[in-house]
């Protein structure tokens, strides 16, 4: 007969009113392997091989790798980004505010000024992969929304724009490590000429490009026409290496004359352009390289020289403007749209500052796409950047680890009678500047609308292997494209032209899609909070990533603190969003928990999620282990607040490890459901003197409670860890003390998942809220009783206990540097526990 839920509760000694025998007899029984096996069979916990098909969905939970279909919103608003500029002299400003900084604060702030990123190897992808075809039905809409988002980021100074292989431009205030290029005089339509100080080799190159190339090095004859340059990499004097992409239709932006002329006054340039804008875009920046045969040049115009237009008008190099002088091919021809505007604005925009960068190919290293900003805000979009190449494969980067506060540390730290508020740092990641040397590794961009459409539309034919150039301009015209562009024209106007050109952007601030970013953000905010705490010693400031909380004794005090801290953060260049400041009163909502003076509990929305999960949980049906991962993720978050804690979930963990389906028996489901119906707060640990000690040998146990000594023996010898755990349980139940001294590291760690299942569950309940102090065996007063000697008294130790806040130390204390001697217990082991000797 299967084990009923009532019997199971009695077995686990969870019912207070049951007439169980003395704990010293009952508990060792739960460690019995035979009993554990029988219960597992009864509850159907061990039966991992099932023949029935697996269930792949429970409520909202699907397998870990099944993708929920994302929904594209044509109405998405691109969020606005403030001009974020973290001041370079942040260390000096902090020192003016609080006096000299500690070594750790300095080290952390230097780490992000500027941040550096050196991956082992970088894989370059073609520009076509720049914008991911994430929404196949909304390709054009998604393309323009994403391009607009990228343009917004560039305008806000968050991205660099690659101008040439060795130069980039950006908007906003420059940092000292960004080496600006010297500009030549720009008057009228004179070309922009970069002459970087260190890039040019031995001989100096003349002040302007135009003068050098009066006789064309490329051998372009006037009658050959501009499109003869579709294979510029084949010419003799340019090394093939100098052009990273010969197939990418980046020709020379041509003019009608024979020499390569960078002025904007030749008639073949985009017609009908206003003279005002003419100077802004028509010139080209080029990077100069020395080749063995003299001066070689590399040209990159960002205009795809796609096709010679069919009509007899002048030839444009710009795909968009070529439509202007063509005969419409149908009522859905793009020429109708292009003729709507006289002035389509520049083909290319340049930033306010031009800097030199390491050699950057015309490629991307990650794709981008848009999603909802968050589940509660679907009106705004968020850019997702996929730099997962750096976390994969043999060359993956092992990201630095950093301390995340665990539940007990957090409670010890924040459970107090303070009044709280939390600050919202807007676009926190985009505060931290990246060194330009990282740019070649973090490239995003797009190949331009013509190629994007050509690649995705079925009717366009790329003929004769023409290096990706469209043979016929009108091949890309279609009703769908025309309708989409007409609608987008209402939103973006002349920018449609700008966004239809190819672009390559590199990150100037840390991106979210790289494992380095969370580490850097955590270092940054923890150092800032450390400074704030020292400036206001009677208050508490704490942060986890971009979540910053301030606590003060009274509401008035908190408000004045808020004003002072906000002004300080603004003076450093940190942007706060005042509309999102939340005042919590005396119970703080932080990291998914509610923390008050009584302790910590999970937030209400998590409790509701758990209830919903149990309502949907099927009984006697095998559930896919990937779905079990999701269920365990949710239940594991709230496990410390239940009677039996993590040990109760061990059968689920076991099935996930074995990659087998798990079947919930009615009793096990009822047991878990009951566990999560009553949640108990996790209280903060108090410091005190340890008066109660426990010790055990495989055959017996001993306790020292004050001046009293007790001992007992086990019916059969037990593993030493199990024996020590039983002794600790006896000490707690006999003395009621919340502070127990033990010499066993596993008991100290309070992780009872490696014990026999039934014992782990019960011990977790008995020892809930107990703090342990390490006492060396030689000094343990309970050592003699456990060996059966009651006569000899060792003096009682005065063992003070101080609760720890783990490695999330308040004053950013750096962890001690480990010696290079091998550690006896490996760090990944559950047995390892960080204790400081008394």
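Cβ atoms are placed via backbone N, Cα and C, with glycine included.
These figures come from a predicted structure and were not determined experimentally.
Features as listed in Swiss-Prot:
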BINDING   424, 546, 547  Mg(2+) binding site
DOMAIN    352-595  domain 'Reverse transcriptase'
REGION    1-179  region 'Terminal protein domain (TP)'
REGION    180-341  region 'Spacer'
REGION    218-242  region 'Disordered'
REGION    342-685  region 'Polymerase/reverse transcriptase domain (RT)'
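Projection of Swiss-Prot feature records onto the structure.
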residue: 424; record: Mg(2+) binding site; Cβ within 10 Å: 16
residue: 546; record: Mg(2+) binding site; Cβ within 10 Å: 18
residue: 547; record: Mg(2+) binding site; Cβ within 10 Å: 16
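According to DSSP, residue 546 (Mg(2+) binding site) is assigned to coil rather than to any helix or strand.
DSSP assigns residue 424 (Mg(2+) binding site) to a strand.
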